[in-house]
There are 2 protein chains.
Amino acid sequence: MSEYTAPLRDMQFVLNELGHLDQVSGLPDCEEMSPELVEAILGEAGKFASGVLSPLNISGDHEGARWNDGEVSTPTGWKKAYEQFVEGGWNALSCEPEFGGQGLPRLVSALVEEMWNGANVSFGLCPMLTRGAIEAIELRGSAHLKETYLPKMVSGEWTGSMNLTEPQAGSDLAAVRSRAEPQGDGTYRVFGQKIFITYGEHDLTDNIVHLVLARVPGAPDGVKGISLFVVPKFLVNADGSLGARNDVRCVSIEHKLGIHASPTAVLAFGDQGGATGWLVGEENRGLEYMFIMMNAARFSVGIEGIGLSERAYQRALAYARDRVQGGELGVKSRDKVAIIRHPDVRRMLLSMKSRTEAMRALACEVATAMDFAQRHADAEQRQRSQAFVDLMIPVVKGWSTENAIDIASLGVQIHGGMGFIEETGAAQHLRDARITTIYEGTTGIQAADLIGRKIAREDGRTIALVIERMHAVEQQLLNDGDANLQAIGRVLGQGVAALEQAVAFIVREYATQVRQVSVGAVPFLELFGIVAGGWQLARSALVAQQRLRAGSDDPFYRAKLLTAQFYAEHLLPRAGGLAHTVLNGGDAALAFDEEQF
Amino acid sequence: MSEYTAPLRDMQFVLNELGHLDQVSGLPDCEEMSPELVEAILGEAGKFASGVLSPLNISGDHEGARWNDGEVSTPTGWKKAYEQFVEGGWNALSCEPEFGGQGLPRLVSALVEEMWNGANVSFGLCPMLTRGAIEAIELRGSAHLKETYLPKMVSGEWTGSMNLTEPQAGSDLAAVRSRAEPQGDGTYRVFGQKIFITYGEHDLTDNIVHLVLARVPGAPDGVKGISLFVVPKFLVNADGSLGARNDVRCVSIEHKLGIHASPTAVLAFGDQGGATGWLVGEENRGLEYMFIMMNAARFSVGIEGIGLSERAYQRALAYARDRVQGGELGVKSRDKVAIIRHPDVRRMLLSMKSRTEAMRALACEVATAMDFAQRHADAEQRQRSQAFVDLMIPVVKGWSTENAIDIASLGVQIHGGMGFIEETGAAQHLRDARITTIYEGTTGIQAADLIGRKIAREDGRTIALVIERMHAVEQQLLNDGDANLQAIGRVLGQGVAALEQAVAFIVREYATQVRQVSVGAVPFLELFGIVAGGWQLARSALVAQQRLRAGSDDPFYRAKLLTAQFYAEHLLPRAGGLAHTVLNGGDAALAFDEEQF
């Protein structure tokens with residue numbers, strides 16, 4: 001059985017040759033981030049991913065998490081792997097040093113995160129959710145909450161969970177009904193049922209710190225009346241030891257299409273008189289805090305999509321090299337060849353590979369901006385970078401995850417009949433990937449956020465700057481003497497023009513016909529993703545061509561050039577049709593009466 | 001739990017208002033196919049699909065087929081449902097009257113087949129494979145084979161299976177190694193292992209008639225040395241009663257992503273000295289016979305895609321009407337609305353609905369041509385129709401099944417988090433659909449067949465006639481006074497132009513650069529499918545507009561118009577980008593060295 005291998009060469013390319021690490025290591029507190037140190041970190045992470053997490057991926061899927069009378073056991077080997085994960089300090093990688101974290105730049109931790117997800121997405125979810133909970137407490141928790149919880153959560157000794165969804169409140173958190181009654185001693189009693197809680201119950205650690213959205217008495221209706229609480233599974237004594245079991249129970253876990261090893265819990269709070277909780281920040285501002293974290297989580301789910309895509313590609317590639325079937329097309333010979341020789345198999349592999357590399361480069365562009373937004377000395381630069389991050393997060397999340405589903409499905413296809421057999425492993429990637437366009441905000445939610453808050457509300461100011469950067473790359477390509485680069489430049493130019501046209505339409509029409517424009521929101525997100533990915537691969541092609549001209553004989557550069565060329569001819573040409581749909585696709589969908597469907 | 005409902009209104013529209021039934025009922029032996037009789041047949045079939053097959057779909061998936069010591073048991077209720085199926089005469093619907101069949105036109109039986117697949121695709125596979133085996137015996141079997149097997153297979157008392165694949169011989173049947181030794185008494189001893197045998201073993205009937213590809217001693221290498229044999233599970237005595245158990249054993253069944261209730265068997269022939277088999281037709285011509293059947297089977301798998309799409313749509317629609325979440329966009333109100341009010345949910349529903357209706361209309365166009373090819377009095381017309389059928393089968397198969405995966409995935413997406421929970425049922429459709437682009441020839445195989453044998457080999461003669469028919473519809477739309485019809489006509493025209501450009505490229509370049517052209521084979525198949533679907537919906541829109549002008553107030557016609565309009569603005573605009581890929585996408589994929597991937 002093939003195991004995951006971290007794509008270190010491409011990661012190094014994005015970090016060092018697209019210039020991201022150079023930029024980030026110039027930021028305060030990042031000075032020590034030399035290429036050598038980062039290479040060492042990624043190398044170690046890659047070993048952990050391949051050696052510890054990847055071998056548990058299929059067995060974890062097969063065995064799944066199991067519920068028994070309120071307790072949840074993770075699959076065989078999970079607990080030991082988690083211990084090693086904590087011992088290795090991996091949980092603390094991107095956390096603040098104040099509470100024991102290593103404070104690594106997001107650029108670096110994003111690539112490490114890609115490895116956890118590539119090796120074992122069900123496992124990767126646990127630290128991802130913990131990180132979200134840590135950020136909430138870091139951001140707005142009292143000193144007491146920080147001291148009590150953060151050191152153990154940063155180390156990974158305890159995990160965290162995010163409790164948002166209720167049966168009637170999924171995409172619409174305004175409908176949250178859980179309630180929290182102040183007890184006069186600084187604590188609250190929390191009541192309610194939460195569903196879809198990832199790692200809401202498990203046996204990896206002694207304690208779980210639930211972050212819970214609930215309403216205090218008299219709170220306003222809707223999103224402005226939601227508060228955020230810390231509700232630990234076990235209360236914590238003053239000396240840090242564990243006290244009484246809190247009134248939160250895992251009622252069941254879900255039977256899901258994928259991520260079987262990741263327990264998805266239904267949690268009942270307060271069935272025995274109220275779960276003890278502590279307010280985070282101020283009352284009624286819970287959703288605001290949640291949204292700050294949610295942005296980080298959305299980026300992380302985008303990274304999940306990239307990790308899953310890489311894994312699906314690696315598995316399909318190994319099979320395509322190994323599987324002999326049929327003769328070579330256009331050659332007079334009876335010899336059978338490996339299916340990687342067949343044109344259509346190449347098309348599928350390169351569709352997987354080119355998009356995965358485009359997504360990785362784009363995510364790193366955004367991660368770099370995250371580091372700028374957080375650490376840059378200049379406030380204006382911080383703000384500019386944050387605006388870019390805010391614009392791009394729905395694209396990284398929505399586009400990378402939609403791609404991941406399609407890429408995992410192509411992975412199945414390359415395996416032919418074997419892809420449909422569960423033991424092969426290709427089908428698991430598709431099942432696992434299928435959740436990524438749903439949780440932390442569906443693609444529809446991402447797209448609505450993108451066209452509304454991120455584009456129309458600011459009249460397309462930030463995206464105009466991105467488009468400018470795209471045009472600059474286009475010009476470089478067109479001005480190059482190489483015919484292949486020029487060809488990429490022309491198709492990129494057409495893609496950017498389609499994007500500009502769609503942006504202009506959105507900016508112009510959003511205020512007066514928001515419903516029509518919204519029918520095109522997801523097509524627009526796809527359009528933006530495709531063109532942004534093309535921009536990144538075009539940049540990569542320019543660098544690769546430069547290296548080859550300088551005499552490098554590293555086959556990586558030739559492959560990168562061809563990958564960018566493939567993407568330009570197979571993905572970018574979709575832009576024009578998508579722009580047409582954005583501009584013209586609203587009327588019929590809205591004219592339908594509900595009964596007519 | 002919602003059950004499947006046969007889309008009778010749309011089926012009637014396609015049959016009667018697009019003119020297909022009228023054409024078919026003019027053929028010899030089809031005179032009695034009045035709209036009333038067909039309506040009665042479809043109505044009864046719809047009841048059986050909803051009332052008997054649909055309720056077993058989720059439980060069948062959950063329970064799955066089970067193997068125990070060579071025997072396979074189908075899920076609870078399966079045996080009874082199959083008995084009712086046989087008693088109702090459904091198995092005999094499209095079979096020749098000579099052996100007890102009802103000889104219904106393919107046009108009608110295709111729609112009935114869609115219902116079986118919509119209600120329960122795992123169940124539908126059993127009669128589908130039986131039909132394939134029946135056709136093989138009808139086509140080339142000796143009188144003895146026909147008399148011995150056909151009456152019981154036509155009635156459904158015995159089922160059939162198709163044994164092609166071996167571990168080393170999947171898409172490439174030239175690699176078949178199973179062998180058959182003549183015994184001098186007209187029988188052969190068959191040895192070998194076959195995999196992926198749908199309903200290769202089960203408990204629904206007393207006997208199973210395996211059609212098996214194997215090589216006789218001294219047969220030429222490759223595809224020209226493969227013969228076809230009948231190998232029954234139980235030998236049949238002269239009086240028709242069952243005799244000894246034959247030497248074929250079910251070694252195991254596969255653990256699959258979907259179609260869990262349909263047993264996929266590994267069959268070992270000849271472990272005890274040789275399975276007794278009877279040659280079908282002549283030695284070494286087995287693949288030729290198989291291919292005739294395969295065409296029918298490919299069409300049937302396309303129909304599977306349509307049935308699954310319809311079912312996924314119905315489930316998503318029911319959920320979208322029921323699920324209340326969020327307020328109405330662009331309206332100042334705190335009222336929550338059903339998610340069918342949200343623009344992006346409408347987009348997804350209409351993407352599902354418009355493609356499903358386009359696929360159904362296209363499949364019926366092809367089914368009508370099948371009936372013409374088989375029954376028309378004029379030989380030239382038979383030939384023309386057969387050419388059209390041959391051209392379109394890879395499109396019906398490839399495009400309908402690729403769509404089915406995407407449509408089932410959209411169905412999951414509309415359910416949000418609930419879609420990922422297995423109990424909801426939406427995920428099952430995606431798992432079930434995922435096999436349809438693989439079996440009976442992958443999409444890559446369909447596309448290679450399409451551009452090579454069906455287009456390049458005859459210089460695009462048949463597709464040129466199809467394009468002419470498309471242009472005629474385009475003209476009708478452009479000449480209509482209605483602005484919406486004109487708009488559809490313009491986008492259709494652009495799509496057809498893109499298709500023409502791609503066809504010209506294939507015809508021109510196939511002979512000299514088959515590998516480059518083949519990189520674009522699947523994009524071309526998608527392009528052809530999208531434009532052909534647009535053609536069919538455009539025809540439908542013209543009819544609907546006519547009815548509305550004539551004063552009809554049936555909301556079906558307004559919906560049909562809007563559906564065609566939606567398709568024109570959301571699907572057809574992809575044509576241009578796909579044509580670009582066909583024309584320009586070959587080089588990079590082929591320039592890659594194998595090590596560079």
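Cβ from N, Cα, C; glycine included.
Per TrEMBL, domain 'Acyl-CoA dehydrogenase/oxidase N-terminal' is recorded for B:75-157. Summarising the annotation, TrEMBL assigns domain 'Acyl-CoA oxidase/dehydrogenase middle' to B:162-269. Among the features that TrEMBL reports, domain 'Acyl-CoA dehydrogenase/oxidase C-terminal' is placed at B:284-449. Summarising the annotation, TrEMBL assigns domain 'Acetyl-CoA dehydrogenase-like C-terminal' to B:469-592.
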Exercise. Mind tallying the domain 'Acyl-CoA dehydrogenase/oxidase N-terminal' (B:75-157) by DSSP state, helix then strand then coil?
Key: 64 helix, 0 strand, 19 coil
Self-check item: Residue counts (helix, strand, coil, in that order) that DSSP gives for the domain 'Acyl-CoA oxidase/dehydrogenase middle' (B:162-269)
Solution: 7 helix, 54 strand, 47 coil
Self-check item: Tally of DSSP helical, extended and coil residues in the domain 'Acetyl-CoA dehydrogenase-like C-terminal' (B:469-592)
Solution: 106 helix, 0 strand, 18 coil
Exercise. Compute the average pLDDT of the predicted model within the domain 'Acyl-CoA dehydrogenase/oxidase C-terminal' (B:284-449).
Key: 96
